[in-house]
Amino acid sequence: MERFAFKGVASNLVTYLTDVMKMSNSSAAKTVNSWVGFTSMLPLIVATLADFYLDKYSTILASAVLYVAGLFVLTSTAIRWSWNPMNKISSASSLSWSLYMISLGQGGYNPSLQAFGAEQLGDDDELPCTNDNDPSSNKKSLFFQWWYFGVCCGSLLGVSIMSYIQDTLGWGLGFAIPAIAMVASIAMFLCGNRFYTRKQERNIDGKSFEEIVQAVKATVSKMINRRNKPINDYNVVELELQENALCSRDPEALQGFGEDSDESIHPIRAAKMVLHLLPVWVMLLMFAVIFQQPATFFTKQGMAMRRNIGTSFKIPPAALQSAITVSIIILMPLYDTCFIPLVRVLTKNKKGITVMQRIGIGMFLSVIAMVIAALIERKRLEISKEMVLFESKSESVPFSIFWLLPQYILLGISDIFTVVGMQEFFYSEVPVRMRTTGIALYTSVFGVGSFLSALLISLIDYFTSSRGLENGWFSDDMNEARLDKYYWFLALSSAISLLTFVIYCRFLKSRT
């Protein structure tokens, strides 16, 4: 229900900004990317506070109320604009307030709900454990896989139904339905109260959040000065980790690691566990940048293509984003029933492939998707040039929007691998007291990726325009824009990230 509400707003927001608010293509894309980035980054702050000061259940309810309030403010903004379109400043201000209220609500809602759901399966391990042959690890993997399946079902409805309603019946109704859906989701959540398992939330080793921050600063300082110290505390901790395996089920080993009790982890060690994830986090940023394209330039690309079915019906460009979720919904069951049994025979791994291999496969597929996107866009531009030669004046080219389906479907398949793998990786690699923070680390990849996407658009727009190109790569006239070059740039950058990721994983394997 939450994904239906969010995608019902986000998937077609770029169209609302360009057609209703009259923004340029580049400005609208940067606005959407910045908002999505802020929305995805915020859980890192809110979830950390929730881990140390609040419980997940209370965070879910409080965030949901704020979420609903933002959706209703957004609805009122769209309705007021239809009555008084000249009051642009007031409408823009209300739009910003409503969007960032939604961001604040989702910041606490999503990571807390997912971590709360995973807790219902039962998990008594205090320390992170990613043993790929462990039955409990397999159970968690299935949880995240089918959680994402449910997310995609909601996203499919939000993208397909709401984009059509917004384009044909109006933006007021198009934003009101997601708000009502979110209210219904809160009621459904409350109906399950008597079934929930709630774990006692406590601070890590009695330390406050401020002490954790100081621990992170101290750890970073030690890592920077590592070259000057042949043996330091960081190495000592590594030796201690080798002596007491994190995945050990031996209570004495766990107590030896914690030094106090099996209910606590020292802040320094907790901070180092989180910092250990940063290289993978950085390498996934280009995947997150590609993840932003369907809601921005893929949608604008579709608006410049033939969208007719029959004589009267036109496909909303944003509706093609549903191809991503449809491919996930169809292929996710095949992942378990066909792909994993086949790969299990080859790898001798009970899970078929490791979490890192799963992430890498998805990254590779995203590179292929961008290569195909570049080729399709190049073909569209060639057809538009032919139209100019024949003096044909039309906003769209006689090139079917369905040619965009391969890039959408490939991105959907890549999500089955990378996005699900990311959720399991970041959830499993942090202490149990920081599981909400682990989920927030996963969402923050897409947050920073959105900001990085906006930054790339600004830099590329500046440099391509300053070189004498009339409107740069992101011209408002889609027949003059050069999105194909931008797609090639993303494909190359993502390929470099993938290569770095593979080398890093091999280093980890040999080190182990």
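Here the Cβ of each residue, glycine as well, is placed from N, Cα and C on the backbone.
Marked as transmembrane segment by TrEMBL: 32-54 (among others).
Residues or ranges marked as transmembrane segment in TrEMBL: 60-83 (among others).
Among the features that TrEMBL reports, transmembrane segment is placed at 146-165 (among others).
Here TrEMBL flags 171-192 (among others) as transmembrane segment. Beyond the ends of the transmembrane segment (171-192), by six or more residues, the same chain brings 1-2, 4-6, 8-9, 12, 16, 20, 60-61, 64-65, 67-68, 71-72, 74-75, 78-79, 81-82, 158, 162, 165 to within a C-beta distance below 8 angstroms of the stretch.
Residues or ranges marked as transmembrane segment in TrEMBL: 274-298 (among others).
Proximity of distant same-chain residues to the transmembrane segment (318-343), defined by a Cβ-Cβ separation under 8 Å and at least 6 residues beyond the stretch ends, is recorded for 7, 11-12, 14-15, 142, 145-146, 148-149, 152-153, 155-156, 159-160, 163-164, 294-295, 298-299, 302, 349, 351-353, 401, 404-405, 408-409, 411-413, 415-416. Annotation comment: TrEMBL describes 318-343 (among others) as transmembrane segment.
Feature annotation from TrEMBL assigns transmembrane segment to 355-376 (among others). Sequence-distant contacts of the transmembrane segment (355-376), counting only residues of its own chain at least 6 positions beyond either end whose CB sits under 8 Å from a CB of the stretch, comprise 130, 132, 141, 280, 284, 287, 290-291, 293, 298, 403-404, 406-407, 410-411, 413-422, 424-425, 428, 484-485, 487-488, 490-491, 494-495, 497-498, 501-502, 505, 508.
Positions annotated as transmembrane segment by TrEMBL: 396-418 (among others).
As annotated by TrEMBL, transmembrane segment applies to 439-460 (among others).
Residues or ranges marked as transmembrane segment in TrEMBL: 486-507 (among others).
Proximity of the transmembrane segment (439-460) to the transmembrane segment (60-83) is not established, fewer than 3 Cβ-Cβ distances being under 8 Å for residue pairs spaced 6 or more apart. Proximity of distant same-chain residues to the transmembrane segment (274-298), defined by a Cβ-Cβ separation under 8 Å and at least 6 residues beyond the stretch ends, is recorded for 10-11, 13-14, 28-29, 32-33, 36, 216, 219-220, 223, 318, 320-321, 324, 359, 362-363, 366, 369-370, 373, 404, 407-408, 411, 414, 418, 422, 425-426, 429-430, 434, 437, 441, 444-446, 448-450, 452-453, 456, 483, 486-487, 490, 493-494, 496-497, 500-501, 504. Residues 279-280, 283-287, 289-290, 293, 297, 356-357, 359-360, 363-364, 366-367, 370-371, 373-374, 377, 460, 473-474 of the same chain sit 6 or more residues outside the transmembrane segment (486-507) yet have a Cβ under 8 Å from a Cβ within it.
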